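*Asks:* Before I ask anything, let me first share the structure, which is written out below as structure tokens.
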Amino acid sequence: MSATKKTYSSTTSAKSKHSVRVAQTTADAALEAVYEMSGDSGDSFDYSKSVGQSAESVPAGAVTAYLQRMQREGLIQNFGCMVAVEEPNFCVIAYSENASEFLDLIPQAVPSMGEMDVLGIGTDIRTLFTPSSSAALEKAAATQDISLLNPITVHCRRSGKPLYAIAHRIDIGIVIDFEAVKMIDVPVSAAAGALQSHKLAARAITRLQALPGGDIELLCDTIVEEVRELTGYDRVMAFKFHEDEHGEVVAEIRRMDLEPYMGLHYPATDIPQASRFLLMKNRVRLIADCYASPVKLIQDPDIRQPVSLAGSTLRAPHGCHAQYMGNMGSIASLVMAVIINDNEEYSRGAIQRGRKLWGLVVCQHTSPRTVPFPLRSVCEFLMQVFGMQLNLHVELAAQLREKHILRTQTLLCDMLLRDAPIGIVSQTPNIMDLVKCDGAALYYGKRVWLLGTTPTENQIKEIADWLLEHHNDSTGLSTDSLADANYPGAHLLGDAVCGMAAAKITAKDFLFWFRSHTATEVKWGGAKHDPDEKDDGRKMHPRSSFKAFLEVVNKRSPPWEDVEMDAIHSLQLILRGSFRDIADSDTKTMIHARLNDLKLQGVEERNALANEMSRVLETAAAPILAVDSRGMINAWNAKIAQVTGLPVEEAMHCSLTKDLVLDESVVVVERLLSLALQGEEEQNVEIKLKTFGTQTTERAVILIVNACCSRDASDFVVGVFFVGQDVTEQRMFMDRFTRIQGGEKTTVQDPHPLMRPSFDGDEFGRTFKRNSALGGLKDHATGSVERLDLYLRRAEECMEVMETIPSPKFNNKQCQYLAGKLKAVLQSASLFLRISHHEHHELGASIDMGRHVEIFKLLLALAKEIESFIQGCCKDEWIKAAMTLTNVSEYVSSMGFNLELCKIAFCKSCAASGSLTLDQIEVICKDEAEVVKRNASIDVDTLFAKVIYDLTEKTLSSDQNDLAIYLLQRLKRAKPILPSFSSRPSWWNFYDDWSFSEKFFQWIQITGSLGSGSSATVEKAVWLGTPVAKKTFYGRNNEDFKREVEILAELCHPNITSMFCSPLYRRKCSIIMELMDGDLLALMQRRLDRNEDHDSPPFSILEVVDIILQTSEGMNYLHEKGIIHRDLKSMNILVKSVKVTKSEIGYVHVKVADFGLSKTKDSSTRYSNQTWNRGTNRWMAPEVINLGYESTEGEISFDGKVPKYPLKSDVYSFGMVCYEVLTGDVPFPEEKNPNNVKRMVLEGVRPDLPAHCPIELKALITDCWNQDPLKRPSFAVICQKLKYLKYLLMTGFSSYQDSYPSTEEPS
């Protein structure tokens, strides 16, 4: 069915869609009539042929009868019975023939006369059920919406048989469907029904809400998986209805032996409009057995028409549909409606206003199957959630598509300003980028410019002539079938050109977009040719549907969507304004020529000229106005009345400067008037006029005007008239460019010390527009920056969305905060990647690998922080999908560890040391690089580590110290992925290799002391050119040293301190670790010292949650590895990049450290009585203090035996750390005696949490402090709760309202 439109308004588009549905209903009725005439068996019914002929005219009466038959056929399915009753007396007015048997009214033995129950017209149905069941029915009938209480559990009075009663109201009473309650079902009461549905659907809903935004395909795949798990059907599919009402299978999960239907397209008649209407009212449709004989209804003869079964759960399938199911081997089905918002202005009725049927989720089974009503209610609830999630995805996709179109329009407009009109077809992007199409053309001045797949130039001219002849009254035309639009030359265009959108830009010029026929885009995995297939397309079957669909869409393109037509219309307006310049110029030339000929003699001649001038002014395509010597309007043509919304009669005698001009243009207009009245005419001056009437909500009207003097017969100036050009649309787009350029200029020129380095490049890759943060970096060639530019472009789009469109839960300040952090990440990426490319081109330049590593680490940390925040805080918001489109951490990680980049680094390092030539290193890396090129599935990180690993082995035994230093540094960073290699040299754990360690130790330079503890001292040092921390243990065979080295060697996490190496020199055990800025306790102390109010806490609540969240993530990683820390406290938590200012909020990087007392959970070694409970009493769990041990049942016993350390003791310590971060003080600060602290802990005493602690956090800490370790949450649970709390704080839904962190440095 073709869709041909002559206008682009949304209302007309909605009406057109309504017309399509009406026409489709007619086609449904025609197809049904053909089926009915084929006989009961339907053997003579040719499905494929009938679909093609169903569009023929059908009498209105036949359509009405068809719709009535669909709703009032008087047949139900036999897995239940139906009774219709009057209100309020419950007298039966209709019932199904099987009702007596189903309700156990037919006794097994002959009853006495007093015991016989009778069901007939007029029977009070309450007498057939127990008193409690009757009361339940009466209570349900008294409610306004009876369906909210479904199912109502009732029991037959005679047998006590339990039944589900599903009730709904119709025009003449209440229809009650009765279904059997199976023994495996768990009957739920009316009050508990909704709650039970929520519980059963909870897992599926959680999974749906956790999906990333913007991926409709993944969302559909997930819903079919969850529905199949709930219902157990053989096949579950998700159908989507397209704009032309045809359907497509977009997701499928099936039994392996069933034929796939994924990708199947089927004609709109396969699911009639009447069935779709019924699904909007009754959103879950069950067919238990398509072969079962339907049951007839018996109704009161006084009722004038059959009882409506539109809302009945038992309505029988129509014969045509039942045969279709049987042909495809689907005996039973469960169909669920997927309904989303419909923003179209035009609607068919109140029931459907604002909502539309997006598609269906369809379950099919190869044998009879009945799903109990409570489970169907669960599915219906799940579909509601799915519809809400889908609506968010659809709206996001529409926003992104509109944003892309707007950006393209902006660029096209800019091209017009520079090269009109040819720039929109000769430059990039062009008009093909505006909407999805296969080709486009510009027909202007009888010349043709072609792009992509289009008709020939002569055919374009013929189409233009046809439009001017048959559609000259419209501004454009869109159709998915030129043949159906009655274009006579359509058969000459072939399959390559079927659909067309045309926009008239002048009286005789057009823009065209073309599309090929739909079949070129349609693929179905099941549509394979089978020589043995006997189905010739006559019978109803998915294969026949697919064939019929291809026949229907033959010579037809995909339809033009409203958003695409809006984009075309917008461009049309811009172009018409641009082309109007020529007409305006002609008008101005004509007017000036007439004015210069005022030397004409004779009154009659002058009057004729005046009349002609009035006609020219009134009919001119340009806005024209005139004023007298006082500035009062005395001429106001139709065009300016149109653009301002002010009618001529209201404009006359208004003051131009006081009533019509915006304040910002008053001075300009007054100057123009003054000069013109003195005889001096100005040209090309911009003025802004007010808007009136229906135009008041729009922007000001911007005109470029020429001021012309109006003279009388004596040649005196008596007034001024203005000939203008409307440039409002162009100025809107130029203002958008100006704002973007202004932001870019601020970034480049802003001298703020916190501004990150940024620069841009020209078409040759040279740097320009550097800001002060880039310092004295010289211009250099950056190599290929296409990927980086794409990355930045995508991110800028995201930031524009965030900064300009307020979220329902995020205010503008919060969005700008996130956008600022993302911009910092991107600028760091720009610096890192461009410098790397620069050094690639200048191999002789000296390098600072430490700088590269630090920039990359900072970049990756910030990127992951933003991405993690988005995942945790924006579950159901468009903002999550918009930001995750940038794939920040994935992109940065892949670029940071790119093999090519690392290979260049090896070459530069070796060249600097002079130990190996570049050619030698190239040979070493070449094979690995070729493997990556041949097989992209190989993990680049692993390959990178392998290359370093091999190079290190080649250099350790030589005198190539510089290369060895560099390679060891890189190798230690890559070490966590190396254990997968089968062989490792002895020097790997080189703290056991004295000869090498002694040589290695010479590379460490001590620069200062950091502190000391009971088992080790920590010094500040420089190792391999990088500042590090050197931890030296007391004693030669220190168990703490070996334990810590063994644990650190297996750890790799952003919230766990990293070990570079562990050299042993002169029997001194040492660990070389990353250098941090200090511990958490010292940071809190510095914060408290700086606070003017010494009673205020050291951190804001948002910082508190961020710090303990990072700590919990590090501890969760340890526990997943089976490692117990045993000494978790603020002194053993290190921080990085801290300045002790408010601007650091959200940037405190936390890492868990000090593993000297740590132990693996599964270790068979038990601690000695002297060492097992080492730690600090204030942070010790009660079971640790009490010398408990883990029994085989997992419980803690306190009898003094030597213990295994319980895992949940770390959770208790974590609770104490939370107290520290909240208050800035140690636990139990008033108590100085350690023994008293132990006693208090064992008695269940805990520190008092401060008043500013949010309720959610207070509950979590209390759980961590629980006396019973088995009742404490795991760190995995703690992480989830803290992420959610962070979300609540950021969105303002927490019990605590903290100020949002400032991104400005305090003065």
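Cβ coordinates are placed from backbone N, Cα and C, and glycine is handled just like the others.
Take a look at what Swiss-Prot says about it:
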ACT_SITE  Asp1127  active site
BINDING   Cys320  phytochromobilin binding site
BINDING   Leu1010, Gly1011, Ser1012, Gly1013, Ser1014, Ser1015, Ala1016, Thr1017, Val1018, Lys1031  ATP binding site
DOMAIN    215-394  domain 'GAF'
DOMAIN    609-680  domain 'PAS'
DOMAIN    683-739  domain 'PAC'
DOMAIN    1004-1307  domain 'Protein kinase'
REGION    779-1003  region 'Hinge'
*Asks:* How many whole Å apart are the CA atoms of Ala1016 (ATP binding site) and the residue listed as 'active site'?
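*Replies:* Pair distance, Cα basis, whole Å: 15 Å.
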*Asks:* Using a 10 Å cut-off, grab the number of neighbouring Cβ atoms around the Cβ of the residue listed as 'active site', all chains included.
*Replies:* 20
*Asks:* Please report the DSSP secondary structure of the residue listed as 'phytochromobilin binding site', reduced to three states.
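*Replies:* DSSP call for the residue listed as 'phytochromobilin binding site': helix.
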*Asks:* Would you please pick out, from the binding-site residues Cys320, Leu1010, Ala1016, Val1018, the one with the fewest other Cβ atoms within 10 Å of its Cβ?
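*Replies:* Each of the binding-site residues Cys320, Leu1010, Ala1016, Val1018 was scored by Cβ atoms within 10 Å; lowest is Leu1010.
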*Asks:* Taking DSSP as the reference, which of helix, strand or coil describes Asp1127 (active site)?
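*Replies:* Reduced to three states, the DSSP call for Asp1127 (active site) is coil.
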*Asks:* Is Leu1010 (ATP binding site) helix, strand or coil when read with DSSP?
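*Replies:* The residue in question, Leu1010 (ATP binding site), is strand (DSSP, three-state).
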*Asks:* Need the DSSP three-state call for Val1018 (ATP binding site) to compare against my parser.
*Replies:* strand
*Asks:* Under DSSP, the domain 'PAS' (609-680) has how many residues in helix, strand and coil?
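*Replies:* Reading the DSSP string over the domain 'PAS' (609-680) gives 42 helix, 12 strand, 18 coil.
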*Asks:* Only counting partners 6 or more residues apart, tell me which same-chain residues put their Cβ under 8 Å from the Cβ of Ser1012 (ATP binding site).
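*Replies:* Sequence-distant Cβ neighbours: Val1018.
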*Asks:* C-alpha of Leu1010 (ATP binding site) to C-alpha of Asp1127 (active site): distance in Å?
*Replies:* 20
*Asks:* Over the span of the region 'Hinge' (779-1003), how high is the average pLDDT in this prediction?
*Replies:* 45
*Asks:* Do me a favour and check the Cα-Cα span between the residue listed as 'phytochromobilin binding site' and Asp1127 (active site); whole Å is fine.
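*Replies:* That comes out at 74 Å between the alpha carbons.
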